[in-house]
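Report on the structure given below.
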C-alpha cells in the first residue's frame, strides 16, 4: 500500500532552506509514529510531498488514521501506483478502479500531471471521462458538484489511482518550533490550548498543580497521555506534577479573601517558570480566555505576567467557551473534561477583577516563599511514555490477571469509536462495554457481586481507572492483561 502525504500550505511558502528543514523533520516524525505499526515501512521525502509505503495490509486503517493526526500534514492520498503506456491504458485502469463507485452517480475526472508526456492534463481528463461515460451506462458527467470525483495523478511513466483523500490536522511539524510547558488542569481550556501549540510545531511538556489528591492527578495524567499519544507521540515529553496543597493552605491562612485568586495564579506562574528554566523550556502555555473568570481580566493577567520573565502564551485568549468546547469535542478531550473532578482550593467570596499591584505585593509579603520553593523542588517528573509503569507502581493493591474465573466479567473501557472499530470478543467470559469516561458515574450501577476485569489495548487507561475505582471504595476491580 502507498500513501502520498501533502504538506501544510504554509510550509510550501517558506524559503528553500526552511522548507527542506520542515520536510526533513516531518519525515522523521512520520517514521517515529508509524514504526509501532510496521517496522518495514518506507518513508521517502520529496520536494512537494512525502511517500509512505508499507507491506502489512492489516495495518492499513491504523496507519491512515495515525497519519491524519500528525501535525504538518494537510491531507493524505491513499493511492494505487501502477505503470501505464498511453492514455487508453490510463482509461482502462481507471475503469477497473472506479466502475462500481460510479454506478448511478454523477462524476468528473481531475488529473494532475508531472513529467514530459505527449498529452496534457485536460486531454487525459476528457479521454478518461468520455470513456467512463460510455462504458458505465448509469453514470453521468457533471463538472460542478459531482457525486464522485475521479482523481488521477500522472508522474513520468507511473499512474497514481487515488482511492481516497483524508484530511490531516495541518499546522507545522512538531520540533520545528521550540519547547513549551503547558499548565494543564484536565479541563476544556488547557487541553485545547496544549493541542493548538502542538499543531503549531511545539513539543509540549505538561505541568500539573495538584490541588485535589491522587484522583485529580490520575485524571489529568489521562488527558496529557491522550493528547501526547494522539497528536505528539513522535517526541518524548515530560509530565511534571507539583503538590500545591501546601501553597493553597498558606494562601488561605495569610492572604486577603479578595486577592486569593490572583495570588494563586502568580504562585503557579512562579513555580512553572522555575520548572521551565530547569528544563530549558522557552514559554508557558495556559488556557486562559479574556474575561472568562475574575482572574482573567486584562489588569489581572498583566499582574500575573509580571512575576516572571518567561513568555506566557494564551492561544485561547479571544475564544468563547462554546468555541473551546467544540474544539475539545473535535480533538477528543471533551469527555475527559466533562468528567474531570473539579478542585478549587481557593474560592474567594468577592474576587477582585481589577487587582492593584501594591496591594497584591503587600499580601504576598505575608507568604512564606520557602513553601513554594519546597514544592517545586519535590515535584515529580516522569517521561509521559512511562505513565503506564508509574501507574503500575501506584496501583500495587490492584491485581493484574491474564485469565478469568467463573465470577469474572471483562469490562471494555475503550471509547465508543474504538469499541465499534474493534469489538472485543473472548470465549468463555462475558464482556461488558463501559467507556472510561463513564466509570465515575456508571460503575456503581453494575452488578457488584461480580469481579470486574478492566481492559484497554495498552493497559494504561485500565490501570489508571482501576486505581481511581479503588480510591472510590470499589474492591471488586482488577486489571486484565492477556
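Glycine is treated like the rest: Cβ placed from N, Cα and C.
Per Swiss-Prot, these features apply:
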type     : residues                : note
DOMAIN   : 61-165                  : domain 'THUMP'
BINDING  : 183, 184, 265, 287, 296 : ATP binding site
DISULFID : 344-456                 : disulfide bond
DOMAIN   : 404-482                 : domain 'Rhodanese'
ACT_SITE : 456                     : active site, cysteine persulfide intermediate
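Those residues noted as binding ATP (183, 184, 265, 287, 296) have their most widely separated CA atoms at a distance of 16 Å. Distance between Cα atoms for residue 456 (disulfide bond) and residue 184 (ATP binding site): 24 Å, as a whole number.
On the 0 to 100 pLDDT scale, the domain 'THUMP' (61-165) averages 94 in this prediction. Note on residue 184 (ATP binding site): other Cβ atoms within 10 Å of its Cβ, all shown chains, come to 27. Within 10 Å of the Cβ of residue 265 (ATP binding site) there are 22 other Cβ atoms, across all protein chains. Following the DSSP three-state reduction, the secondary structure of residue 183 (ATP binding site) is strand.
The 10 Å shell around the Cβ of residue 183 (ATP binding site) contains 23 further Cβ atoms across the protein chains shown.
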